[in-house]
Amino acid sequence: MNTPEHATTNTADPSGGPSVNTAEQPSTNPATNTVPADTVNTTVNDAVNGTEGAATDPGAPEVAYTRAGNVVPIRPDAARTPEDIPEQGGDPLAGRGTVLDAPADADGDAEVVRHPVQVDPPEPAKPSWWQAAREAKVRPLVPAWARSRSEVRQRAKWLAGYAGHTTAYHAIRCPLYAAKLAARAPRGLGRVVVAGHRWVFDAEGKPLRIAAVAAGATDEYRRLTEIRETRVRKRSTVVFLLFLAVLAGVFLLVTALSPVWSWLTIAAAVGVFGWVGTPADKPVIGRAVVTSKAPKLTSDVVVRALTALGIAQINQAVSKGPGITFPAPITRDGPGWRAEVDLPHGVTVTDVMERRDKLASGLRRPLGCVWPEPVSEEHAGRLVLWVGDQNMAAAKPAAWPLAKSGKADLFKTVPFGTDQRGRPVGVDLVFANMVIGAMPRMGKTFSLRVLVLAAALDPWVELLLFELKGTGDLGMFERVAHRYASGPDTDTLDKAMEALRELHRELERRSKTIRRIAKENPAACPENKVTPELARNRKLGLHLVFAAIDECQELFSHEDYKAEATKLAEGIIKRGPAMGVILILATQRPDANSLPPGVSANAGLRFCLRVMGQTENDMVLGTSAYKNGIRATTFGAKDKGIGYLVGAADDPQIVRSYYIDGPAAETIVGRARTLREKAGTITGHAAGEAPEATGPAHSLIADVAAVLGADETKVWSETIVDRLAALRPEVYGAWAELDGRTKANQLAAGLKPYGVETGQVHGKTEGGKTANRRGVVRADVEAAANTHRRKTTNVDGE
Ligand SMILES: Nc1ncnc2c1ncn2[C@@H]1O[C@H](COP(=O)(O)OP(=O)(O)OP(=O)(O)O)[C@@H](O)[C@H]1O
């Protein structure tokens, strides 16, 4: 005999109807809930059929019988009659109709009874008009362009230019137009005479009269002839009177008025007759501007393009319904069309963005015109498709707003570029760091230059600039930079490293100053970070520092510098923003070796121009950027200066950096120099000072000599590094965190300029074991230290 079981099994409704939940076991699962086949309660089935089943004796135990004769207990609240079955959605039969039997097993003992339970939530009450209206999106009273002062200015400027050009174009062609009209005037006169003759003699009634004659309709013909005679009489009179009036006018002109009026009248008459005599296909006036009109974007075109993407859900939605919906009308938006689209369920904007090339093909537009974007505040399937009239790369670059005049304030947004629609895009550099990455020759240095120019135009900002390619792309800034070096050589790398160390040390000093101010005067430093007021107080030394390293891969992938450079850059990028230190790194090789992950992961602003693959893309734009459809790989070779900018707004933006060539940059730097001279902020390199002049009063060689014990002839490099870190933690602290081999490399690179080589040194480990490791010979160090002391004493003496 089977034992009753209460185990439940979830099954989907095989009929495909609404899911139901059997009464055997209470279940919170919305899917169908059934009892095992061999312990099936027949109660409901029988109750529905009105036959055998449940015990009827009130005192009898709550049992039921299976068809095989098994007795199973009935849950007290189980339904026993059709009326007990809960009603569904107000339809008493709805529930009963979906009571289903499971297929019987081999001995015919399996019968599953399912009590229907509503699994879908009830239809929510329709919100009131008041509620719906309050939650509705308010559309702006004035279009976005009219609220942007610069866009209004741009449009007004364009309109004035357009009107001026058109006027001038036609003005210089006036004689040509007059000649054309004069040549066509006789023809026009002929047309007027012929038309007048036809009207007076009722030419339009002629076919009817001929038809009446042909049909032999005498009465009809007579009636038509009478009409014609009346008309001809009246119209002849009109023409005669007109003729008399013209004659009188001519007489008056010739006899009473000045010849000017005669000529004017003749000109007007020639003009009118010339215009009448002009063939329809040869207009007198040509076009001042020829527009290559971009095709209009319509919903049909969008749907056709979307179905060409090869996304099954889109094709299914279009062919079988419900189709693709457009929550807002397709409108003009800047120099292009904007369509808002609700993609079918399950299709995301990313799915479309990653097929941008196919979309462009479907729209029959160049790739540089087609820009699908997500709408972050809406669902993942809300697409905004902007289709420009012109390829973004081919459009004339906008002028940098600060190119001609003005100064910048790095505490405010500085202009960086324009988006696809030509709208200005700015970046907030303060409290941020930036990474710029791209393939070679795509506009990395030009975009970096825009930012350096902005920083240069803020006279309170200290510039530390290193260009490690050696082409002098940032050479114009020598006049304003506190530190500057250009070149692919070790000397330049050393200078860049020294600047990073200096910045790292500076962070210590700044954090102490900020802590002190926050304690003494909390109102002056409410967020424990540099404020514009603090930055301009020279005594505090909290001015903004703008450090940029172009081609930073040279530093981060250099065998001798990479470990220290990574540590320093990570420290600066993490702690610098609050202390007013802005670090910008540009690289043409955005991979883990050239841009350490710890550095790239902490950058707040990212600008990625064309790159070749997903890894480079995500290295610059952040993890998962590629997966989310933010793909700088889709830019073409002609998309110079165009990239994805992340961090400047809530959503990634496509931006073309302002184009400022070398000579223009030179001029702007000239203005920056004047501003700095007035503010008294020409320091360091720009003031002709070498870094050593302001550098630390210690030197590595002297420090190494100082940490060598009197009885030591040879010492391992890693031991020396540990002692150096203890001697000057603020300088060598970062070295001590490196591993043994890197410590040795670090020391070797540091001692190289002093002519001290490291080599294998036999020594003992802390555990007493002997080992061979890299180290220095005391005599070499002392000799180099003496030479250095002599040199620096001479310099000081001078
Ligand atoms: N915003 C822009 N608009 C138009 N053209 C640009 C823009 N930015 C750069 N370019 C063009 O791209 C070319 C390459 O720019 P740039 O020198 O900045 O590239 P790069 O990525 O720094 O190259 P490399 O990797 O060799 O240093 C420039 O000569 C310039 O003509």
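One-based numbering along the chain as shown.
Every residue gets a Cβ built from N, Cα and C, even glycine.
The following features are taken from TrEMBL:
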COMPBIAS  1-48  compositional bias 'Polar residues'
REGION    1-104  region 'Disordered'
TRANSMEM  237-254  transmembrane segment
DOMAIN    422-618  domain 'FtsK'
BINDING   A438, M439, P440, R441, M442, G443, K444, T445  ATP binding site
COILED    490-520  coiled coil
Practice item. Count, for each of the binding-site residues R441, K444, the other C-beta atoms lying within 10 angstroms of its own C-beta, and report the residue with the smallest count. Key: R441
Practice item. Starting from each candidate's C-beta and looking 10 angstroms out, tell me which of the binding-site residues A438, M439, M442 has the most other C-beta atoms. Key: A438
Practice item. Indicate the candidate from P440, G443 with the smallest number of other Cβ atoms within 10 Å of its Cβ, considering only these binding-site residues. Key: P440
Practice item. Please give the sequence-distant neighbours of the coiled coil (490-520): residues at least 6 beyond its ends with Cβ less than 8 Å from one of its Cβ atoms. Key: 464, 466, 468, 470, 483, 528-530, 534, 540-542, 545, 547, 549, 554-555, 558, 561, 564-565, 568-569, 571-572, 575-576, 578-581, 583, 691, 695, 730-731, 734, 753
Review point. What are the other residues, in sequence order, whose C-beta lies within 8 angstroms of the center of the C-beta atoms of A438, M439, P440, R441, M442, G443, K444, T445 at the ATP site?
Key: Q588, L609, R610, K640
Check your understanding: When you measure from the Cβ of T445 (ATP binding site), which residues in the chain that are at least 6 apart have a Cβ under 8 Å away?
Key -> E467, D473, L474, D550, A586
Practice item. Determine the mean pLDDT over the domain 'FtsK' (422-618), rounding to the nearest whole number. Key: 91
